[in-house]
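**Q** Can you keep this structure in mind? I'll have questions shortly.
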Amino acid sequence: MKHLHRFFSSDASGGIILIIAAILAMIMANSGATSGWYHDFLETPVQLRVGSLEINKNMLLWINDALMAVFFLLVGLEVKRELMQGSLASLLQAAFPVIAAIGGMIVPALLYLAFNYADPITREGWAIPAATDIAFALGVLALLGSRVPLVLKIFLMALAIIDDLGAIIIIALFYTNDLSMASLGVAAVAIAVLAVLNLCGVRRTGVYILVGVVLWTAVLKSGVHATLAGVIVGFFIPLKEKHGRSPAKRLEHVLHPWVAYLILPLFAFANAGVSLQGVTLDGLTSILPLGIIAGLLIGKPLGISLFCWLALRLKLAHLPEGTTYQQIMVVGILCGIGFTMSIFIASLAFGSVDPELINWAKLGILVGSISSAVIGYSWLRVRLRPSV
């Protein structure tokens, strides 16, 4: 019991559980004895009906769209705190992750196109390496525990949120044909209500969550990635303290253990089970996986580092207080963990053309993401080594 308490008291415990869940999923998905059970679990239908409103999704989509919205709510709360009171409080500091995210999307896409531009079919996957899987990137960072400065974690969060927003916009513009404008209208009204609640000084968290559920449902029905609703709600919940209490900080404290020890491991278990059936190492030499690997492993850190360097040289932004440029470069490597968002974009790009291309894309995504995770973790472990 003592060892268990010590483990859960460690800052690295959440990251360790997430990695174990991901490894377990990979083993189960590729084992003849367990792959059927694993996929049956993910395909289990779960239906929610309130009056004429019906949401009918399988277990995988409920985890990715509903539970992960709670994770993004926590991320939104933490980033807002840093924007208002912490390391991103000045305009020039807040601009830094925005510029970094732009570079982290443009350069990987260009590098992918350098490999695939001549092929009109594989060229459609240009956005695959532009994405970052924020959950796995933070999970790898969490493995380093308390040696990671909080400001570095917040920078990664802010960068990855903007990266995700960029990916959502790319999906909506280039890979989605059936956006529901009526649902987007309902979402806009819900956001307006959240803004009014905030301006009127309403401090009851439950009211924001209730409107947030309406917002989440509208975003889900619109065809846009529903987790966006979590970030939006997080940004509107009041941070300012009154009588020594802050609704945002209180909710952040409540959500943290649920996210670290339940939601993120469940997300990893549901999404890391990529079947490698039909995938061979010989395929690594083809232009599709090579373009993805180059985009994630080289393009991400190169784009983030280059755009950050230009921003500093041109005085368009300042480094977040307490960080170094070298640390930002390593965070850029961790942003090469594209994983679930990259796989999602690959399925949209190639699903209706040639499903076999999705397998080759998965191979590139796995190699690029795992390499980025190992290199980023190892480099940070050396650079953030505690002084003896």
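Cβ coordinates are placed from backbone N, Cα and C, and glycine is handled just like the others.
The model shown is predicted, which means the values in this text are computed figures rather than measured ones.
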**Q** Identify the topological domain of Leu179 and of Ser286 in Swiss-Prot, and say whether both name the same side of the membrane.
**A** yes
**Q** Looking at the candidate ranges 83-90, 123-130, 323-330, report the one that Swiss-Prot labels transmembrane segment.
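**A** Within the set 83-90, 123-130, 323-330, Swiss-Prot attaches transmembrane segment to 123-130.
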**Q** Please tell me whether the transmembrane segment (155-176) and the transmembrane segment (340-350) touch - that is, whether there are at least 3 C-beta pairs under 8 Å between them, with each pair 6 or more apart in sequence.
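**A** Counting Cβ pairs under 8 Å (6 or more apart in sequence), the transmembrane segment (155-176) reaches the transmembrane segment (340-350), since there are 3 or more.
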**Q** What stretch of 12-31, 205-222, 358-380 shows the most Cβ pairs under 8 Å to the transmembrane segment (59-80)?
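**A** Maximum Cβ contact count belongs to 205-222.
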**Q** Who are the long-range neighbours of the transmembrane segment (205-222) in its own chain, taking Cβ under 8 Å and residues 6 or more past its ends?
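**A** Sequence-distant neighbours of the transmembrane segment (205-222): 53, 55, 65-66, 69, 73, 179-181, 183-184, 186-187, 190-191, 193-194, 197, 228-230, 232-233, 236-237, 247, 250-251.
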**Q** Please report, as numbers and ranges, the same-chain residues at least 6 past the borders of the topological domain 'Cytoplasmic' (237-253) whose CB is under 8 Å from any CB of it.
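**A** 73-74, 77-78, 80-81, 84-85, 198, 201-205, 208.
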**Q** Taking pairs 6 or more apart in sequence, does the count of Cβ pairs under 8 Å between the transmembrane segment (97-116) and the transmembrane segment (287-310) hit 3 or more?
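**A** Yes, the stretches contact each other.
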**Q** So what's the average pLDDT for the topological domain 'Periplasmic' (32-58)?
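**A** A mean pLDDT of 89 is what the predicted model shows over the topological domain 'Periplasmic' (32-58).
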